Ligand SMILES: Nc1ncnc2c1ncn2[C@@H]1O[C@H](COP(=O)(O)OP(=O)(O)O)[C@@H](O)[C@H]1O
Ligand SMILES: CC(=O)N[C@@H](CCC(=O)OP(=O)(O)O)C(=O)O
C-alpha cells in the first residue's frame with residue numbers, strides 16, 4: 001500500500017529559526033506512514049538579495065511584483081540557496097531528501113496571474129507523478145515555488161498557494177503551514193481551531209492580514225477538496241508538527257448547525 005503524503009510548507013520567515021525537533025517530527029510522521037512532501041518559500045531572503053543588488057522589492061496584495069531581474073533573483077534564492085539549504089538540513093538529519101523546483105519534471109504548470117504583477121504565476125495544474133516517483137523511492141521532495149507555462153516561460157509563485165495546490169493534487173491527509181507565529185492570532189490569543197467561515201470574517205475585519213492572507217486562502221481551497229485539515233504552526237517551537245497551532249477544517253452543515261468534520 002502507498003504511504004499517505006503529508007505536505008509541509010516551510011515559510012521563509014522561519015528558515016533561520018527552525019527548531020531542531022522539526023526533523024524529529026518528520027521522522028515520527030514517516031514512522032506513522034505519513035510521507036513528508038516539503039514546499040518552501042524564501043520571501044525575506046529574496047527581498048534581502050534584491051536590496052543588496054540595488055533593486056527595490058515591491059508587493060501588490062502580498063505578491064512580489066516580479067520583472068525580469070526579480071525573476072532571476074527569485075530563482076537564485078528559491079531554487080538555489082534556500083532549496084539547497086533545506087535539502088542539506090534534511091540530509092544532515094538522516095533523511096533522503098531531493099531538491100527540485102516546480103519547473104523540474106513539469107511538476108507545476110502555471111499561467112500568468114495578472115500582467116501588472118509581471119512574472120508571477122498561479123498554478124493551473126500539478127503533475128503528481130513526479131512526486132509519487134520520488135515518494136515511492138523513499139525520497140523526501142523539497143519543492144521550490146517556481147513554475148513554467150506551456151511556452152517555457154518561468155514564473156515566481158507564492159509558496160503557500162504552491163503548497164495548497166500540491167496538497168490537493170496528492171489528496172494529502174494534512175497540510176502543515178510552518179511559519180513564525182504560533183497560529184492564527186486574535187489579539188494575543190492563538191486560535192486552536194477555526195472554520196472557513198470564521199476565517200473569511202477575520203480577513204474582512206482585518207484580523208488576518210499581510211502574509212497570513214495567502215496562507216489561509218490556500219488553506220480554505222485545500223480543505224474544500226480532499227485535504228482533511230490544514231494546520232498553521234510555529235516552526236521555531238519544539239514539536240511543531242505534533243498537536244500545536246491552528247487547525248482549519250471543512251465545516252459541514254447539519255440541520256442548520258455548522259460543525260467540524262472530524263475523522264479522528
Ligand atoms: N491574525 C494573524 N495571526 C497570525 N499572524 C498574522 C495574522 N495577521 C497577519 N499575520 C502575519 O502573518 C505573518 C506570517 O506570514 P509570512 O510573514 O508571509 O510568513 P511565511 O514566510 O512563513 O509565509 C506573521 O508573522 C504575522 O505578522
Ligand atoms: C509571487 C510571490 O510573491 N512569490 C513569493 C515566493 C516566495 C514565498 O512565497 O516565500 P514565503 O513563503 O516566505 O512568503 C516571493 O517572491 O516572495
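Each Cβ is built from the backbone N, Cα and C atoms, and glycine gets one as well.
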Exercise. Return the residue out of 64, 111, 189, 247 that TrEMBL annotates for the same substrate site as 42, 43, 156.
Key: 64
Quiz item: If you take the centroid of the Cβ atoms of 42, 43, 64, 156, the listed substrate site, which other residues of that chain have their Cβ within 8 Å of it?
Solution: 12, 41, 46, 47, 66, 74, 77, 78, 145, 158, 159
Quiz item: Cβ under 6 Å from ligand 2: which of the recorded positions 42, 43, 64, 215 qualify?
Solution: 42, 43, 64
Quiz item: What is the biggest Cα to Cα gap, in Å, among 42, 43, 64, 156, the residues listed as binding substrate?
Solution: 12
Quiz item: If you skip the near sequence neighbours and keep only those at least six away, which residues in the chain come within under 8 angstroms of residue 215 (site 'Transition state stabilizer'), Cβ to Cβ?
Solution: 160, 177, 179, 232
